[in-house]
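*Asks:* Sharing a structure here in structure tokens format.
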Amino acid sequence: MSNLDDSKSLADLVSQNKKSKVRKVILSDSDDDLPLAMINTQASETSLSSEDEKAKQVKKRTKKESGGLPNKKAKTAVSKTEPKTKVKKETTKTAVKAVKAIKATKATKATKPTVKAAKHIQKIKDESKEQTAEPKDTSEEKEEEEENRWWEDEDMNGEIKWDSLVHNGVIFPPPYEPLPSNVKLIYDGKPVTLPIEAEEVAGFFGAMLETDHAKNPVFQKNFFHDFLKVLEEAGGCKDADIKDFDLCDFSDMYAYFEKKREEKKSISPAEKKLIKKEKDEAEEKFKTCYLNGRKEPVGNFRIEPPGLFRGRGAHPKTGKLKKRVMPEEIVLNLSADAPVPPPPEGRNWAEVRHDNKVAWLAMWRENISNSVKYVRFGNSSSLKGISDFKKFEKARELKNHVAAIRADYNKKLKSELMLERQMAVATYLIDVFALRAGGEKSDEEADTVGCCSLRFEHVFLKPPNVVVFDFLGKDSIRFYQEVEVDKQVFKNLKIFKKPPKQPGHDLFDRLDPSILNKHFQNYMPGLTAKVFRTYNASKTMQDQLDLIPNEGTVNEKVVRFNAANREVAILCNHQRTVSKNHETGVAKMNDKIKEMIWQRIRAKKMLLKLDAKLKKKDPAYFQEIDDLSKEDEGALQKQFLERETERITKKFAKDNEKLKLENEAVLPESELKERLEKVKELQKEFSKELSSGKPEVKANMTVEKLQALIEKLNVRITNATLQLKDKEDNSSVALGTSKMNYIDPRLTVMFSKKYDVPIEKLFTKTLREKFKWAIESADANWRF
């Protein structure tokens, strides 16, 4: 039983529960939102939300039974006219339907088609001739797909990425829809008609008129420059000579888009589901491809829509126009004998390649930074899994070299050659503080830096050996740390800052990432600054997990796991802006905890009504029953009733939406009124209880049932308090980045199996699919 300290405030009751111990009890979760006044015969049947649980079960069962339509074999439409491309297209008789039945072939180092590949292609041709072939049983397909345990393959270092690749291309954003004739840009107080191309660009700005971006002078300048360019190319504006941004009024456009946003918000859940269903159906064939005959997920197959570039931090190009990407800019990559996906009507692909040494399906060059964008395989694909596996194995390999590397750079800290000293200090900083290598940036890029690009002003020295780092790292996230360093490192940094160096000058003036990474190759093949970062992140996680005792509840273990994860995120400087809704969320959680404490107090009062002698036997157990004032209790009653009214109303609306989807008659308003009668009954009961100070005990209630319920409330209060602490501790730290990219996933799997924590508590569904190889291969004794 929980013992409570003498306290009179609800805030103290909440904090007190952070330290309280609870006993485990086995009860249904269906009474989570239960007002004790509604308890009937069993503690597990006391929740008004039990109908929600039943509905969920029905929904899950229906989903399972229906299972959706069986996946049809992929079909690739063939255009009537041959699309013009820059390469000669090879004629093919391959049917995509035949590909699905082919077993996966292992990639080899040969640059020419392998024997397996030749047989594979021949099999496709043979099967495509079989007009009466029976379709493959879907259960067999599923079984075959599940057998692709590539992580058990000893040869994953082949240069060839695939032997056959078939896919359906990319999805383009919808064409621009012109604004209504009464929605126009106002220039110098007069509405003007813009060419359709310029209207679209003006609309991009109008839609975000009230955002911080649109109020940024750099954003405004870049937008207006590109807008005028598009306007000129489209023939100009006939109504006015637009030259001054300050004379432009986008308020009509903003009002139009704001109205559209509100209309979108007001769409019923049923309509949203229907829209989503139609969208999913239209995109279905693009979501997967066939890699060596096996169905694999595709990553982002959507071409980015046009818009205004935001950028992170103080990006000099913020506000510039991201142009619409046309088919003539897209390069596809697929098997030579695979059907080429048809481009949009009347358009052509830039090129069709058959390069099996790369792991992308399509590419194009975007206009903002002139960088290449790719459509790659999905995160849960075998090729991405192999890439992740290799990355973490390379980091594990560093374990065998790190002692020698550290000995070498410590020795070279005193080298007579300045280049060697700079390399030694840079290696030290990358190893100890997980800094990124950093590279040169042009004036058109955000001023973000890493180790090699640190400047005079980014490092402040405090004798005898304290260094303050203050600079913008990747994604313009500020890196600020005050740390103690090796005394020789401190001396070297002092030398690197000696006159004539001043703000703006490079700290490592003889070093760049290419020189440093080339130097790293002398230590270990494939060693880079990122390998150091991955190694230190995973090593830190392993060390932190080793400190966690294998005791407590699952939720307590998850909080400790997140604390370990947080140490890694801090090491890697993975920060995030505190959410605008964070304070609201914390307040709601606090209210919920207070409400549960009130329910526990009511249950204890009921216990004493049934057996007053219990107080003498365990006075500490009942110490909290007088902690709530009438005002506090009244406020909590009101809060509970409001929440219960909202829950019932939302449930009613949800039930009706479901009925609409099933084309059945909706529930009448009288049904809602009937459901809300329960709240009115509770209100009367609470009012009477507040006056008398004693809750009513139902005839079928027993001491045992109340004690079991109190134990369940203790568990729920403890869990909610742990979740609240976790939320507050991680409000400004991004745990997901290190968990996805830097911490070996086998560490998380090891923790799950060793500490009996469901993997669902540690990995999202996306990460479980991405790291299936880790879940299948690591055990409770795995070590990084």
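Keep in mind that glycine also has a Cβ here, set from the backbone N, Cα and C atoms.
Please treat TrEMBL annotations as automatic predictions, because they have not gone through curation.
Okay, so TrEMBL annotates it like this:
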type     : residues : note
ACT_SITE : Y742     : active site, O-(3'-phospho-DNA)-tyrosine intermediate
COILED   : 669-730  : coiled coil
COMPBIAS : 39-49    : compositional bias 'Polar residues'
COMPBIAS : 81-92    : compositional bias 'Basic and acidic residues'
COMPBIAS : 123-139  : compositional bias 'Basic and acidic residues'
COMPBIAS : 140-151  : compositional bias 'Acidic residues'
DOMAIN   : 308-756  : domain 'DNA topoisomerase I eukaryotic-type'
REGION   : 29-92    : region 'Disordered'
REGION   : 113-151  : region 'Disordered'
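Map the listed features onto the structure and describe their local environment.
*Replies:* Using a 10 Å radius centred on the Cβ of Y742 (active site, O-(3'-phospho-DNA)-tyrosine intermediate) and all shown protein chains, the other Cβ atoms total 25. DSSP assigns Y742 (active site, O-(3'-phospho-DNA)-tyrosine intermediate) to coil in the three-state reduction, placing it in neither a helix nor a strand.
Residues belonging to the domain 'DNA topoisomerase I eukaryotic-type' (308-756) score a mean pLDDT of 91 in the model.
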